[in-house]
Each structure stands twice: as C-alpha cells, then as structure tokens.
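Enquirer: Pasting the relevant annotations from TrEMBL:
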- B:SER176: active site, nucleophile (ACT_SITE)
- B:ASP342: active site (ACT_SITE)
- B:HIS375: active site (ACT_SITE)
- B:ARG246, B:ASP376: substrate binding site (BINDING)
- B:71-381: domain 'AB hydrolase-1' (DOMAIN)
- B:1-22: region 'Disordered' (REGION)
Amino acid sequence: MNPRMTVNPSAVGPTRLDFDVIRELVEPGTRILDVGCGDGSLMALLVGTHGVRASGIEIDPDGVKEAVALGLSVVQGDADTDLVNYPDRAFDYVILSQTLQATRAPRKVLENLLRIGEHCIVSFPNFGFWKLRMQVLLSGRMPKTKLLPQPWWDSANIHFCTIRDFVDLCAVMGVEVENAIALNAAGTRMPFQAPWWFWNLFGEQAVFLIRR
Amino acid sequence: MTSQIVADGGVSTAGTTGDERDLRLRSEVDQPSSPVARFTDEPLRLDSGQWLDSWQIAYQTYGTLNADKTNAILLCHALTGDQHAANTHPLTGRPGWWSEMVGPGRPVDTDHFFVICSNVVGGCAGTTGPASMNPRSGRPYGLDMPVVTIADMVRAQVQLIDRLGIDTLFAVVGGSMGGMQVLEWGASYPDRVFAAMPIATGPRHSPQNIGFHEVGRQAIMADPEWHSGRYLEMDTKPRSGLSVARMAAHITYVSEAALHRKFGRNLQDREDITYGFDADFQIESYLRYQGSTFVDRFDANSYLYLTRAMDYFDLADDHGGFLANAFQRTRARWLVVSFTSDWLFPTSESRAIVRALNGAAAQVSFMEFVSDKGHDAFLLEEPEFHRAARGFLTGAAIARGIEPPGAAI
C-alpha cells in the first residue's frame, strides 16, 4: 500500500470509533459508497484493508481535495440533493458515518441509501446518551461533548436523534435491522443482549447495518 | 498596452512584417516544425460520411515512454490551442498553452509520464485542415474540407496512438473542446483509457455557446477578404472578421469579475474620453490586441470548422438520448473539474457529466474550484486545481502499477 494512503490521524481519534465497527461489517472486495466521506479516511482504510472499490460524496471542498489527492474517487456534492442520481443497487454497502444528523431530510436520505445499496451502514451520535440528558437537565442548555463539540449555533447537526428514535424510524420505513452496535463513552461495545433502553442511555454512538 | 493585462496571445514577432508572419503560419500548416504522422493509405472516416484519403497529424511529445508503454498521457487542446502544450510556440515564441500544468515536476509530470499532444483534425498547426493542401485539387482545401466533429478528432488521435504503438493511454486530459474529446475517448474507446480528466467542459454545446460561435463565424464570412473561403489562393485573409470573432469569443472566456479587476472603466493612454470611436477604454484596446495577434497564428477557415465541431457535439444524442448510456462500458477513473466563474461551461454542465458517470457506476471524482478567472481558469495558475490534478494522476499511477510522481515525496 502506498505510504501516502494512510489515515489522517486527526480523523480517527475518539470521534471515529465507529470506523472499527464499520470495518467489521463490510465484506472484503465489495463496492462501497461513503456518503459524507470527509477527507476519505474511512475509504482509504477500507481500500487498504478490505480491497473494496470505494466511491465517496463530500460537501466540503477541502475534504474532497484531500481525498482526491489520495487517489480516491470522491464527488463534491450534497447527500440531500445528489443521491437521487445514483442507480438502484449500484453498491454493496452505502455508508453514512456521522452524517445523518447533518442532513436536511434524513428520511429521504435513508430512502435513497436503501435504494442505492444492498446494505446500508449508518452511524450516528445518540442524543439519548445519559451525559447529554444530564447536561440538558442540569444546565438547561444544549449539550456539548467531545463527540459533539460545537455550540448549537455553529453546528451542522440539525437532526439529532436517539437510538430509540432511529429504531422507530426503521420500523416505520419497513427496514430490516441486520445488525446494531452501540459504543459507550470509552468506545467499548455494549453487551449485545442489553435491551434498547440500556443502549439508549449508555451508548454514546450507534452503528446500524440495515437493508430493505 | 501594459503587460499586466496580457492574458495570452502576446507575440514576440516584433520586427517581422505581416507578410512574414503569414508565410510562417502557412508553412506550419503543411510542413510543421513538429513531428508529423502521415497516413497516405489509411483513410480517416468522418462522421459526415466522407473520408480523408490522405491526411496527416502533427504532434509533440514530452518525457519518455516506458518499456510497457503504460505511462502515456494524451492532452487534448481547446478551440484555438495546438500541439505546443509545453514547448515554446514556433510562431509566437511564447511558452506552450499548458506550461503551467505540463513539464518536469509539474502536475502532468514529464519526468514520469510520456505526454502526447496533437493538433486536431480541422486545425491549422500541421494536422490536416481547411488550410492544408488538398491532394486532389493541388490547392488549399478551403470549404472543400469535409466538416469534422469531435469524434473525428478522436478517431484521428486513435490512429496516431496506434502508430506510436500504444494500446492503452494512461490518461486523457483536456479542457473545453479538449474536454469534449476526453468525454468522446471515454465513451468510444473505453478499453483504451485508464484515467480521464475532462475540465471546464460539457456533454453537449449549449444553445448560448452555439450562438456565440455563430457570431464569430458570421464576422469571418462577412469580411470581403474571406472570398468564400478561397482567401489563401488570393494571398489575403479575413483579418478583421477573424479578429472580431476572437474579440467576441475572448469575452466569453473571462468573467465579469476579472474584467472589473483587470480593467474596470479605465481609459487607455488618455485622460478623458474622446467623443469618438477610438479605443478609449482599456478593455477595448485589450480586445483589439487579442484579435489582431490571433490573426497571426490562426486560420480563419479553421476557426469555422472547429467552432462547428464543438456546436455539433452532443454525446447523449449519440447514445440514444441518455448520457449515462455513453459511459456504460467505461472502466476508467474519472476526475471532472469545473470553475465557479466559468459561465461558458458552468458547473451544471460538469454535474451532468458526473450524474451520467454515476448512473453508469463509474469511478468518478468531481471538484468545483473557486476562481474568478472564468473559463480560462483551466489554462492559468490555479494551485488548488493543479494539486488535485497531481493527486488524481498519482493515485491513478499507483492503481496502474507505474511509478507515481508522488513516490519521491
């Protein structure tokens, strides 16, 4: 592997613990689309370790430049408007990593992901996490954490949800949850047998493998 | 004329007369200073249904072809470009039109890649065009030259690549009309292109652009010195017509913001307006200069033919009306590029290409660069664009298994 195709370490700090989980969900040698791929860190990782054929979409031009300079295929575009242009079942996996909460129409985006990919992998910060609940309860202000450091007025995140909210949406949309993993604040996986309420309280972020 | 407003076309022909410049231009047509591939018994099939029985293509190369012949990059030039992408121009004495992009250590790195740039069919820099000698009549083709298309240009390039013994091009790169050729390569020769970079271009020529071209053609044909295209035999040329065509076209290559920045309403070498029709404003003086120098290096009939080729380009129409169909067989990696202030080939045109490539499940990257330089941005110093082009070619070189330019870094 080209030494330049390594991962930007700043992007794999505590905020990108979901990458490890996503790597386990993706079968080697498949076609993936990373929606909101940033600088292409996850794509580069999956190309290097899984030999996938990766494509990406990123709204931030600086991210696209980094990714293209790594030799990755990334389109400067918007998940809310540009996914409609992709044909049905063009990819084995469509990945939406920490991006769902930043879309204008999350349900529409999900509909497109499920259409474009055989499987979808969605990771998102859990707004039901106990620390966030405590901050709202005790300070009466919008919470800030290491994962969500921006103040409310400077955040691209406009559609937060909890793990339970997401599970509810999957049910409404008739989506099959193939796998789900919640990570606590330390990045440790929560026990699989634990009930949803437990995940919803102690999971800081969640990764779902879904399909239709 | 102050030096800061010379974008291109400035000529080092001071001291030469107009006649000498015309002679040099005419000698480059049939006996160019570039290498030439001549095809005397391999006719070129044209979209119009006609054939060029005996034809030639002039080209320049830079760098060295590797043993496996896997590192060749074809550059496709724009409407008024030529094969002199990275060498001193034989007529103007100026650096090649893409010397910012192509050369040792540059984004298209001639230390690593074998770079080919050929003059298009219909051109006037050594490849067969309307100024060339018609072997059947013994006089310049003029309007006896069959109308050529973008696909015809690419078909000629394919024969050149065959002649050079190259099976698959590592990359095909070009902007504007050159970008149309890149799209045509990707669509019609999917097995022979590893990477493709169409820049500041579109999948078809828009009605607005056809309109601008028509203005230029009418200016040429309205010039009495045009003589129905037979001016070369009469030792004259439609200087004012071609000059006006260039002036009008030049406005479309820049942005309003750049015109404000470079000229504003500044007056040319005078304190006040003159209440006449002299070039009072700097922008007028600049355009007149662009027009007059263009005439020294370009053939008026060539301008008619090449603008027509762009007008006729409609890749979707060639593929059942669906652009995505054009790319169904592509296996290339694509980088599509546009610039924010380009209103000749706006970003929406590039997005249409990207949509079609996505529809064909191709490996595609797309970037829009912020620039106030208009359509010409692709020819100029644009560090971010150059960095992306370098990164794209480096990534593709790794995938192709050839030594990438970035390896030494």
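Cβ atoms are placed via backbone N, Cα and C, with glycine included.
Relative to the rest of the structure, where do these features sit?
Expert: Reduced to three states, the DSSP call for B:SER176 (active site, nucleophile) is coil. Sequence-distant contacts (6 or more apart, same chain, Cβ under 8 Å) of B:SER176 (active site, nucleophile) comprise B:ALA78, B:LEU79, B:ILE199, B:ALA200, B:THR201, B:LEU344, B:PHE345, B:HIS375, B:PHE378.
In the three-state DSSP reading, B:ASP342 (active site) counts as coil. Annotation for B:ASP342 (active site): same-chain Cβ neighbours under 8 Å, separated by at least 6 residues, are B:ALA200, B:SER255, B:SER371, B:GLY374, B:HIS375, B:ALA377.
Secondary structure from DSSP puts B:HIS375 (active site) in a helix. Around B:HIS375 (active site), taking its Cβ as the centre, 24 other Cβ atoms fall within 10 Å, counting all chains.
When secondary structure is read from DSSP and collapsed to three states, B:ARG246 (substrate binding site) falls in the helix class. Residue environment of B:ARG246 (substrate binding site) contains 24 other Cβ atoms, counted within 10 Å of its Cβ in all protein chains.
If you average pLDDT over the domain 'AB hydrolase-1' (B:71-381) in this model, you get 96.
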Enquirer: With every protein chain in view, how many other Cβ atoms are within 10 Å of the Cβ of B:ASP376 (substrate binding site)?
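Expert: If we count other Cβ atoms within 10 Å of B:ASP376 (substrate binding site), we arrive at 24.
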